[in-house]
Amino acid sequence: MPNDGTPHGNGDKSRASEDVDLSARLERLGKRLDEVRSTGQEQRRPTGTSGGEPSAMGKAFRLSTEFVAGIIAGCGIGWAVDAMAGSKPWGLIVGTMLGFGAGVWNVMRASGFTKPPSR
Amino acid sequence: MADPIHQFQLKTYTTLGHIGHTEIAFTNSSLFMLIAVGLITMFMLWGTSGRGLVPGRIQSMVELSYEFVANTVRSSAGNEGMRFFPFVFSLFMFVLILNLAGLIPYSFTVTSHIIITAALAVLVIGVVIVYGFMKHGTHFLGLFVPGGVPPVMLAILVPIEVISFISRPISLSVRLFANMLAGHIALKIFAGFIGSLLAAGAWGIISPLPLALTVALTALEVLVAVLQAYVFATLTSIYLNDALHPGH
(Lines of atoms letter the chains of each structure in order from A and count residues from 1; the text may use other names and numbers.)
(Lines give C-alpha, C1' and ligand atoms only; values in the text may rest on other atoms or scores of the structure.)
Protein backbone atom coordinates (compact mmCIF):
# COMPACT_ATOMS: atom_id res chain seq x y z
CA MET A 1 0.00 0.00 0.00
CA PRO A 2 1.82 3.13 -1.12
CA ASN A 3 1.56 6.16 1.13
CA ASP A 4 0.18 8.91 -1.06
CA GLY A 5 1.05 11.70 1.33
CA THR A 6 -2.31 12.20 3.04
CA PRO A 7 -2.01 14.36 6.15
CA HIS A 8 -2.56 12.54 9.43
CA GLY A 9 -4.01 15.22 11.69
CA ASN A 10 -6.91 14.76 14.17
CA GLY A 11 -9.49 11.96 14.07
CA ASP A 12 -12.01 13.65 11.77
CA LYS A 13 -9.44 14.50 9.19
CA SER A 14 -7.89 11.06 9.23
CA ARG A 15 -11.30 9.45 8.75
CA ALA A 16 -12.00 11.70 5.81
CA SER A 17 -8.63 10.85 4.35
CA GLU A 18 -9.38 7.18 4.93
CA ASP A 19 -12.58 7.58 2.92
CA VAL A 20 -10.66 9.28 0.15
CA ASP A 21 -8.06 6.55 0.33
CA LEU A 22 -10.71 3.85 0.16
CA SER A 23 -12.49 5.38 -2.81
CA ALA A 24 -9.15 5.80 -4.58
CA ARG A 25 -8.35 2.16 -3.95
CA LEU A 26 -11.76 1.12 -5.18
CA GLU A 27 -11.28 3.16 -8.30
CA ARG A 28 -7.87 1.64 -8.91
CA LEU A 29 -9.22 -1.84 -8.38
CA GLY A 30 -12.08 -1.16 -10.78
CA LYS A 31 -9.66 0.15 -13.37
CA ARG A 32 -7.49 -2.91 -13.04
CA LEU A 33 -10.51 -5.19 -13.32
CA ASP A 34 -11.57 -3.38 -16.47
CA GLU A 35 -8.08 -3.84 -17.86
CA VAL A 36 -8.13 -7.54 -17.10
CA ARG A 37 -11.57 -7.88 -18.60
CA SER A 38 -10.64 -6.04 -21.78
CA THR A 39 -7.43 -7.98 -22.28
CA GLY A 40 -9.29 -11.20 -21.53
CA GLN A 41 -11.80 -10.35 -24.22
CA GLU A 42 -9.07 -9.46 -26.63
CA GLN A 43 -7.39 -12.73 -25.93
CA ARG A 44 -10.61 -14.61 -26.36
CA ARG A 45 -11.56 -12.83 -29.54
CA PRO A 46 -8.88 -14.34 -31.78
CA THR A 47 -9.90 -17.84 -30.77
CA GLY A 48 -13.54 -16.96 -31.41
CA THR A 49 -12.93 -15.53 -34.83
CA SER A 50 -10.00 -17.71 -35.81
CA GLY A 51 -10.51 -18.58 -39.43
CA GLY A 52 -12.90 -15.67 -39.77
CA GLU A 53 -10.86 -14.15 -42.57
CA PRO A 54 -8.47 -16.93 -43.47
CA SER A 55 -7.80 -16.25 -47.08
CA ALA A 56 -8.02 -13.35 -49.44
CA MET A 57 -10.26 -15.46 -51.63
CA GLY A 58 -12.75 -16.08 -48.88
CA LYS A 59 -12.90 -12.38 -48.19
CA ALA A 60 -13.26 -11.54 -51.86
CA PHE A 61 -16.04 -14.07 -52.19
CA ARG A 62 -17.87 -12.58 -49.23
CA LEU A 63 -17.55 -9.02 -50.53
CA SER A 64 -18.58 -9.89 -54.07
CA THR A 65 -21.72 -11.70 -52.92
CA GLU A 66 -22.59 -8.72 -50.73
CA PHE A 67 -22.28 -6.41 -53.73
CA VAL A 68 -24.18 -8.62 -56.15
CA ALA A 69 -26.91 -9.27 -53.60
CA GLY A 70 -27.48 -5.54 -53.20
CA ILE A 71 -27.93 -5.06 -56.93
CA ILE A 72 -30.19 -8.12 -57.26
CA ALA A 73 -32.37 -6.90 -54.39
CA GLY A 74 -32.58 -3.40 -55.90
CA CYS A 75 -33.47 -4.75 -59.33
CA GLY A 76 -36.05 -7.09 -57.86
CA ILE A 77 -37.75 -4.33 -55.90
CA GLY A 78 -37.69 -1.96 -58.88
CA TRP A 79 -39.13 -4.63 -61.13
CA ALA A 80 -41.84 -5.49 -58.59
CA VAL A 81 -42.80 -1.81 -58.27
CA ASP A 82 -43.01 -1.60 -62.07
CA ALA A 83 -45.17 -4.69 -62.27
CA MET A 84 -47.56 -3.38 -59.63
CA ALA A 85 -47.67 0.33 -60.45
CA GLY A 86 -47.21 0.02 -64.20
CA SER A 87 -44.45 2.63 -64.32
CA LYS A 88 -42.62 0.47 -66.80
CA PRO A 89 -38.95 1.43 -67.03
CA TRP A 90 -38.57 3.87 -64.16
CA GLY A 91 -38.92 1.54 -61.21
CA LEU A 92 -36.24 -0.75 -62.61
CA ILE A 93 -33.90 2.15 -63.35
CA VAL A 94 -34.25 3.77 -59.94
CA GLY A 95 -34.23 0.39 -58.21
CA THR A 96 -31.01 -0.66 -59.94
CA MET A 97 -29.30 2.59 -58.99
CA LEU A 98 -30.43 2.31 -55.39
CA GLY A 99 -29.39 -1.34 -55.45
CA PHE A 100 -25.96 -0.30 -56.63
CA GLY A 101 -25.74 2.09 -53.70
CA ALA A 102 -26.93 -0.61 -51.33
CA GLY A 103 -24.34 -3.01 -52.75
CA VAL A 104 -21.53 -0.54 -52.18
CA TRP A 105 -22.86 0.14 -48.68
CA ASN A 106 -22.96 -3.61 -48.01
CA VAL A 107 -19.36 -3.99 -49.13
CA MET A 108 -18.22 -1.04 -47.03
CA ARG A 109 -19.96 -2.46 -43.99
CA ALA A 110 -18.71 -6.00 -44.59
CA SER A 111 -15.11 -4.88 -44.97
CA GLY A 112 -15.34 -2.84 -41.77
CA PHE A 113 -14.71 0.34 -43.72
CA THR A 114 -17.42 2.17 -41.83
CA LYS A 115 -18.23 2.03 -38.21
CA PRO A 116 -21.90 2.63 -37.55
CA PRO A 117 -22.07 6.21 -36.28
CA SER A 118 -22.50 6.78 -32.56
CA ARG A 119 -21.89 3.30 -31.26
CA MET B 1 -15.50 -36.93 -69.35
CA ALA B 2 -17.74 -37.29 -66.37
CA ASP B 3 -20.57 -34.80 -66.21
CA PRO B 4 -19.73 -32.43 -63.32
CA ILE B 5 -23.34 -31.36 -62.79
CA HIS B 6 -24.73 -34.86 -62.56
CA GLN B 7 -23.90 -35.10 -58.86
CA PHE B 8 -26.45 -32.42 -58.01
CA GLN B 9 -29.40 -34.22 -59.58
CA LEU B 10 -32.36 -34.89 -57.31
CA LYS B 11 -33.59 -38.45 -57.33
CA THR B 12 -37.08 -39.14 -56.13
CA TYR B 13 -37.30 -42.22 -53.96
CA THR B 14 -40.96 -42.18 -53.01
CA THR B 15 -43.75 -39.73 -53.54
CA LEU B 16 -45.43 -38.79 -50.30
CA GLY B 17 -48.34 -36.92 -51.86
CA HIS B 18 -49.38 -33.85 -53.74
CA ILE B 19 -50.14 -30.30 -52.69
CA GLY B 20 -52.01 -28.81 -55.61
CA HIS B 21 -49.97 -29.90 -58.58
CA THR B 22 -46.71 -29.92 -56.66
CA GLU B 23 -45.30 -33.28 -55.90
CA ILE B 24 -44.10 -33.78 -52.34
CA ALA B 25 -41.38 -36.36 -52.75
CA PHE B 26 -38.81 -38.01 -50.56
CA THR B 27 -35.60 -37.38 -52.49
CA ASN B 28 -31.93 -38.04 -51.91
CA SER B 29 -31.79 -34.48 -50.57
CA SER B 30 -34.36 -35.32 -47.89
CA LEU B 31 -32.50 -38.53 -47.12
CA PHE B 32 -29.25 -36.66 -46.52
CA MET B 33 -30.98 -34.07 -44.38
CA LEU B 34 -32.44 -36.88 -42.26
CA ILE B 35 -29.00 -38.49 -42.04
CA ALA B 36 -27.47 -35.18 -40.95
CA VAL B 37 -30.10 -34.64 -38.26
CA GLY B 38 -29.59 -38.22 -37.09
CA LEU B 39 -25.81 -37.76 -36.97
CA ILE B 40 -26.07 -34.51 -35.03
CA THR B 41 -28.53 -36.00 -32.55
CA MET B 42 -26.36 -39.07 -32.05
CA PHE B 43 -23.23 -36.93 -31.67
CA MET B 44 -24.84 -34.66 -29.09
CA LEU B 45 -26.55 -37.46 -27.14
CA TRP B 46 -23.45 -39.61 -27.12
CA GLY B 47 -21.24 -36.68 -26.18
CA THR B 48 -23.42 -35.52 -23.31
CA SER B 49 -24.36 -38.94 -21.94
CA GLY B 50 -21.10 -39.44 -20.06
CA ARG B 51 -21.12 -36.04 -18.35
CA GLY B 52 -17.60 -36.62 -17.08
CA LEU B 53 -15.79 -33.89 -15.20
CA VAL B 54 -12.82 -34.76 -17.39
CA PRO B 55 -14.36 -35.00 -20.84
CA GLY B 56 -13.67 -37.92 -23.11
CA ARG B 57 -13.07 -37.61 -26.83
CA ILE B 58 -16.65 -37.19 -28.00
CA GLN B 59 -17.61 -35.08 -25.01
CA SER B 60 -14.75 -32.67 -25.58
CA MET B 61 -15.77 -32.37 -29.24
CA VAL B 62 -19.31 -31.54 -28.17
CA GLU B 63 -18.01 -29.03 -25.63
CA LEU B 64 -15.71 -27.54 -28.24
CA SER B 65 -18.55 -27.01 -30.69
CA TYR B 66 -20.69 -25.51 -27.93
CA GLU B 67 -17.92 -23.13 -26.88
CA PHE B 68 -17.21 -22.19 -30.47
CA VAL B 69 -20.78 -21.25 -31.32
CA ALA B 70 -21.33 -19.63 -27.92
CA ASN B 71 -18.28 -17.41 -28.45
CA THR B 72 -19.48 -16.53 -31.93
CA VAL B 73 -22.91 -15.52 -30.64
CA ARG B 74 -21.49 -13.61 -27.66
CA SER B 75 -18.97 -11.66 -29.70
CA SER B 76 -21.52 -10.66 -32.35
CA ALA B 77 -24.79 -10.30 -30.46
CA GLY B 78 -23.64 -9.89 -26.87
CA ASN B 79 -24.83 -11.80 -23.85
CA GLU B 80 -28.40 -10.88 -24.70
CA GLY B 81 -28.00 -12.75 -27.95
CA MET B 82 -27.48 -16.00 -26.06
CA ARG B 83 -31.25 -16.49 -26.02
CA PHE B 84 -30.86 -17.30 -29.71
CA PHE B 85 -28.07 -19.75 -29.01
CA PRO B 86 -30.17 -22.90 -29.68
CA PHE B 87 -31.27 -21.45 -33.01
CA VAL B 88 -27.76 -20.49 -34.14
CA PHE B 89 -26.28 -23.74 -32.86
CA SER B 90 -28.84 -25.84 -34.74
CA LEU B 91 -28.22 -23.90 -37.92
CA PHE B 92 -24.46 -24.17 -37.55
CA MET B 93 -24.46 -27.91 -36.90
CA PHE B 94 -26.99 -28.58 -39.66
CA VAL B 95 -25.02 -26.64 -42.28
CA LEU B 96 -21.69 -28.00 -41.05
CA ILE B 97 -22.73 -31.64 -41.16
CA LEU B 98 -24.46 -31.24 -44.52
CA ASN B 99 -21.34 -29.58 -45.98
CA LEU B 100 -19.01 -32.22 -44.59
CA ALA B 101 -21.26 -35.12 -45.54
CA GLY B 102 -21.33 -33.77 -49.08
CA LEU B 103 -17.57 -34.25 -49.32
CA ILE B 104 -17.83 -38.01 -48.97
CA PRO B 105 -17.63 -39.54 -52.45
CA TYR B 106 -20.97 -40.66 -53.93
CA SER B 107 -22.89 -38.66 -51.34
CA PHE B 108 -25.17 -35.76 -52.06
CA THR B 109 -24.48 -32.14 -51.10
CA VAL B 110 -27.74 -30.71 -49.84
CA THR B 111 -26.35 -27.20 -49.37
CA SER B 112 -25.41 -26.97 -53.05
CA HIS B 113 -29.08 -26.34 -53.85
CA ILE B 114 -30.04 -22.72 -53.52
CA ILE B 115 -33.58 -23.56 -52.43
CA ILE B 116 -32.20 -25.12 -49.23
CA THR B 117 -29.86 -22.25 -48.39
CA ALA B 118 -32.52 -19.69 -49.32
CA ALA B 119 -35.00 -21.40 -47.00
CA LEU B 120 -32.45 -21.25 -44.17
CA ALA B 121 -31.67 -17.58 -44.88
CA VAL B 122 -35.36 -16.66 -45.03
CA LEU B 123 -35.81 -18.42 -41.70
CA VAL B 124 -33.02 -16.29 -40.20
CA ILE B 125 -34.38 -13.02 -41.56
CA GLY B 126 -37.90 -14.06 -40.55
CA VAL B 127 -36.72 -14.55 -36.97
CA VAL B 128 -34.97 -11.15 -37.07
CA ILE B 129 -38.07 -9.35 -38.36
CA VAL B 130 -40.58 -11.12 -36.10
CA TYR B 131 -38.45 -10.77 -32.98
CA GLY B 132 -37.52 -7.17 -33.83
CA PHE B 133 -41.15 -6.13 -34.15
CA MET B 134 -42.18 -8.15 -31.09
CA LYS B 135 -39.52 -6.60 -28.88
CA HIS B 136 -39.33 -3.05 -30.21
CA GLY B 137 -42.58 -2.56 -32.12
CA THR B 138 -42.32 0.16 -34.74
CA HIS B 139 -39.08 1.31 -33.14
CA PHE B 140 -37.51 -1.61 -35.03
CA LEU B 141 -37.92 0.45 -38.21
CA GLY B 142 -35.24 2.76 -36.78
CA LEU B 143 -32.88 0.16 -38.18
CA PHE B 144 -33.43 1.74 -41.58
CA VAL B 145 -32.79 5.31 -40.45
CA PRO B 146 -29.10 6.06 -40.03
CA GLY B 147 -28.41 8.56 -37.30
CA GLY B 148 -26.67 11.92 -37.66
CA VAL B 149 -27.72 12.47 -41.26
CA PRO B 150 -29.44 15.60 -42.63
CA PRO B 151 -33.12 14.92 -43.43
CA VAL B 152 -32.63 15.60 -47.14
CA MET B 153 -30.22 12.70 -47.39
CA LEU B 154 -32.67 10.36 -45.67
CA ALA B 155 -34.78 10.27 -48.83
CA ILE B 156 -31.93 8.41 -50.52
CA LEU B 157 -30.40 6.62 -47.55
CA VAL B 158 -33.58 4.98 -46.24
CA PRO B 159 -34.33 3.14 -49.52
CA ILE B 160 -30.67 2.10 -49.67
CA GLU B 161 -30.84 0.75 -46.13
CA VAL B 162 -34.07 -1.10 -46.93
CA ILE B 163 -32.55 -2.66 -50.05
CA SER B 164 -29.42 -3.47 -48.08
CA PHE B 165 -31.57 -5.29 -45.53
CA ILE B 166 -33.46 -7.18 -48.23
CA SER B 167 -30.18 -8.19 -49.86
CA ARG B 168 -29.07 -9.93 -46.68
CA PRO B 169 -30.93 -13.22 -47.16
CA ILE B 170 -29.83 -13.18 -50.81
CA SER B 171 -26.15 -12.81 -49.99
CA LEU B 172 -26.44 -15.25 -47.09
CA SER B 173 -27.95 -17.97 -49.26
CA VAL B 174 -25.96 -17.29 -52.43
CA ARG B 175 -22.66 -17.37 -50.56
CA LEU B 176 -23.20 -20.81 -49.06
CA PHE B 177 -24.77 -22.28 -52.19
CA ALA B 178 -22.16 -20.88 -54.59
CA ASN B 179 -19.24 -21.99 -52.45
CA MET B 180 -20.47 -25.54 -52.22
CA LEU B 181 -21.52 -25.75 -55.87
CA ALA B 182 -18.30 -24.27 -57.25
CA GLY B 183 -16.12 -26.39 -55.00
CA HIS B 184 -17.81 -29.63 -55.97
CA ILE B 185 -17.78 -28.82 -59.67
CA ALA B 186 -14.07 -27.94 -59.53
CA LEU B 187 -13.32 -31.17 -57.68
CA LYS B 188 -15.28 -33.21 -60.20
CA ILE B 189 -13.65 -31.57 -63.20
CA PHE B 190 -10.11 -32.05 -61.93
CA ALA B 191 -10.87 -35.63 -60.97
CA GLY B 192 -12.29 -36.13 -64.44
CA PHE B 193 -9.00 -34.98 -65.98
CA ILE B 194 -7.24 -37.95 -64.41
CA GLY B 195 -9.40 -40.44 -66.26
CA SER B 196 -9.25 -38.51 -69.53
CA LEU B 197 -5.45 -38.23 -69.41
CA LEU B 198 -5.00 -41.91 -68.60
CA ALA B 199 -7.19 -42.77 -71.57
CA ALA B 200 -5.14 -40.51 -73.89
CA GLY B 201 -2.11 -42.77 -74.16
CA ALA B 202 1.21 -40.99 -73.64
CA TRP B 203 -0.49 -38.07 -71.93
CA GLY B 204 -1.12 -40.39 -69.02
CA ILE B 205 2.34 -39.46 -67.73
CA ILE B 206 1.07 -36.11 -66.43
CA SER B 207 -2.05 -37.58 -64.85
CA PRO B 208 -0.52 -37.34 -61.34
CA LEU B 209 -0.77 -33.55 -61.66
CA PRO B 210 -4.58 -33.35 -61.56
CA LEU B 211 -4.52 -36.11 -58.93
CA ALA B 212 -2.34 -33.96 -56.68
CA LEU B 213 -4.57 -30.99 -57.36
CA THR B 214 -7.64 -33.03 -56.48
CA VAL B 215 -6.11 -34.00 -53.16
CA ALA B 216 -5.27 -30.36 -52.46
CA LEU B 217 -8.73 -29.25 -53.50
CA THR B 218 -10.32 -31.80 -51.20
CA ALA B 219 -8.41 -30.31 -48.27
CA LEU B 220 -9.49 -26.84 -49.37
CA GLU B 221 -13.09 -28.03 -49.61
CA VAL B 222 -13.02 -29.30 -46.02
CA LEU B 223 -11.84 -25.85 -44.97
CA VAL B 224 -14.55 -24.18 -47.06
CA ALA B 225 -17.22 -26.50 -45.64
CA VAL B 226 -16.34 -25.59 -42.06
CA LEU B 227 -15.75 -21.94 -42.87
CA GLN B 228 -19.06 -21.47 -44.63
CA ALA B 229 -20.93 -23.00 -41.71
CA TYR B 230 -19.05 -20.61 -39.43
CA VAL B 231 -19.76 -17.62 -41.67
CA PHE B 232 -23.43 -18.56 -41.74
CA ALA B 233 -23.53 -18.70 -37.94
CA THR B 234 -21.62 -15.42 -37.57
CA LEU B 235 -23.82 -13.52 -40.00
CA THR B 236 -26.91 -14.99 -38.35
CA SER B 237 -25.82 -13.65 -34.99
CA ILE B 238 -24.88 -10.27 -36.51
CA TYR B 239 -28.36 -10.00 -38.01
CA LEU B 240 -29.92 -11.13 -34.73
CA ASN B 241 -27.96 -8.35 -33.06
CA ASP B 242 -29.89 -5.92 -35.26
CA ALA B 243 -33.12 -7.41 -33.98
CA LEU B 244 -31.95 -6.99 -30.38
CA HIS B 245 -30.54 -3.49 -30.79
CA PRO B 246 -32.10 -1.69 -33.77
CA GLY B 247 -31.12 1.87 -34.46
CA HIS B 248 -27.52 2.70 -35.03
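Placed from the backbone N, Cα and C atoms, the Cβ positions cover glycine too.
As given in TrEMBL:
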type     : residues  : note
TRANSMEM : B:24-47   : transmembrane segment
TRANSMEM : B:84-108  : transmembrane segment
TRANSMEM : B:114-133 : transmembrane segment
TRANSMEM : B:140-165 : transmembrane segment
TRANSMEM : B:185-206 : transmembrane segment
TRANSMEM : B:213-240 : transmembrane segment
Leading contact stretch, B:114-133, B:140-165, B:185-206, B:213-240 vs the transmembrane segment (B:84-108) - CB distance under 8 Å: B:213-240
Stretch of maximal Cβ-Cβ contact with the transmembrane segment (B:114-133) [cut-off: under 8 Å; candidates B:24-47, B:140-165, B:213-240]: B:213-240
Chain residues outside the transmembrane segment (B:185-206) and at least six past its termini with a C-beta under 8 angstroms from it: 1-2, 4-5, 7, 213-214, 217-218, 221
